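Below: one structure, written as structure tokens.
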Amino acid sequence: MQHTPGREDTSVPLTGRIVESFGRRVLVEIAPEERLPAELFGKRLSCVCGDEVTIRPAPAGTADAARVIAVAPRRSRFARTDSRGRTEVLAANLSLLAVVVAPEPASDPYITDRYLAGAALAGIRSILIVNKFDLDTATAPAFQTCIAEYRDAGYPVMLLSAARAQGIEPLQAALRGETAMLVGQSGVGKTTLTNLLAPQSMRSIRTLSPSTGEGRHTSVSTALFRLPGGGELIDSPGVRDYAPPMIEDAMVQVGWPEFLTLAPQCRFNDCLHLREPGCAVVAALATGQLSARRYDGYKRLLNIMRGLAPGYERRR
Ligand SMILES: Nc1nc2c(ncn2[C@@H]2O[C@H](COP(=O)(O)OP(=O)(O)OP(=O)(O)O)[C@@H](O)[C@H]2O)c(=O)[nH]1
Ligand SMILES: [Zn+2]
């Protein structure tokens, strides 16, 4: 789009909140119930859902869109590593990450591990939402064991059924006053849950969720909704995989709170809990105090991070 300084300088900048982002097109909330479509101004500017921004409205009588001209410093930044190994910010200013899993379609616990780790590394608290508790498959022992392991690790776990609106109150209480994002694999019920918690979200979800070939609705954008009880909820599209941005080996355990409580008892204070002698984590694994599946998730993330590190192959 062409930049015409003279015209723009006459319009008064406004501050607002990004409530929906779709590539370089965004929706900015400038007042309660007042949302303005806008485009990012300049190639270097980037913003995501949850960002606080300054916009310049389009001059009256033109077909131009409003432009985002500045982004405020972020209190938190939740990001992922994309398929090319680059960091992509998914949402800004989150205080809580809610990872949604369900018995069907079966959630991959290794992805859940990485979401929880990604939140911890970004300084964001997290909870696990187990949706579709109404299904018979929710009582399968393997599924129950997997969920119990997260509770044992120290994560708050909430069992509910979005479709039947059952078990919602504890989640509503947990979301009060927070800026929370729902993440999880496609089909676990994030949109159903968003519609239940933020009833006014219905319309925009429908317009931005075109039917796929299979005739199913899949959210394609990340969007922020106000909760009636106070608080904000961000619904994000389902994903096939998730990995946090690259970090050093020693940081990976930040995503495993159950390891962090034992780490001070390891012989070496830089223990990575692999083959070091006197490792308290490995000892707790041997007695069954820690989950072997969670430990496997830790080693997998360590390997993913090593794969992302520049020059890793050469260093070995
Ligand atoms: N049985 C049962 N089905 C549910 C529940 N919650 C959601 N569903 C169903 O699960 C399917 C997927 O729900 P969505 O809310 O679209 O899932 P999503 O996580 O938003 O999916 P994406 O948009 O692809 O990321 C729909 O057919 C829902 O009706 C639940 O609590 N119980
Ligand atoms: Zn150790």
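Placement of Cβ uses the backbone N, Cα and C atoms for every residue, glycine included.
Database features (TrEMBL):
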{"type": "DOMAIN", "residues": "92-240", "note": "domain 'EngC GTPase'"}
{"type": "BINDING", "residues": "Asn131, Lys132, Phe133, Asp134, Gly184, Gln185, Ser186, Gly187, Val188, Gly189, Lys190, Thr191, Thr192", "note": "GTP binding site"}
{"type": "BINDING", "residues": "Cys266, Cys271, His273, Cys279", "note": "Zn(2+) binding site"}
Taking Cα atoms as reference points, rank the binding-site residues Cys266, Cys271, His273, Cys279 by distance from Ser186 (GTP binding site) and give the first.
-> His273
Which residue among the binding-site residues Asn131, Ser186, Thr192 has the fewest other Cβ atoms within 10 Å of its Cβ, if you could check?
-> Ser186
CA-CA, which of the binding-site residues Cys266, His273, Cys279 lies nearest Phe133 (GTP binding site)?
-> His273
Using C-alpha atoms, which one of the binding-site residues Asn131, Gly184, Lys190, Thr192 comes nearest to His273 (Zn(2+) binding site)?
-> Gly184
When the Cβ positions of the binding-site residues Asn131, Phe133, Lys190, Thr192 are compared with the atoms of ligand 2, which fall under 6 Å?
-> none
Distance filter, Cβ under 6 Å of ligand 1; input binding-site residues Phe133, Thr192, Cys266, Cys271, Cys279; output Thr192
Comparing local Cβ density (other Cβ atoms within 10 Å) for the binding-site residues Val188, Cys266, Cys271, Cys279 points to Val188
What DSSP gives for Lys190 (GTP binding site), in three states, is helix
State the count of C-beta atoms found within 10 angstroms of the C-beta of Gly184 (GTP binding site), not counting that atom itself.
-> 25
Beyond Cys266, Cys271, His273, Cys279, what residues of that chain have CB atoms within 8 A of the centre of the Zn(2+) site's CB atoms?
-> Leu262, Ala263, Arg267, Phe268, Leu272, Leu274, Glu276, Gly278, Ala280, Val281, Val282
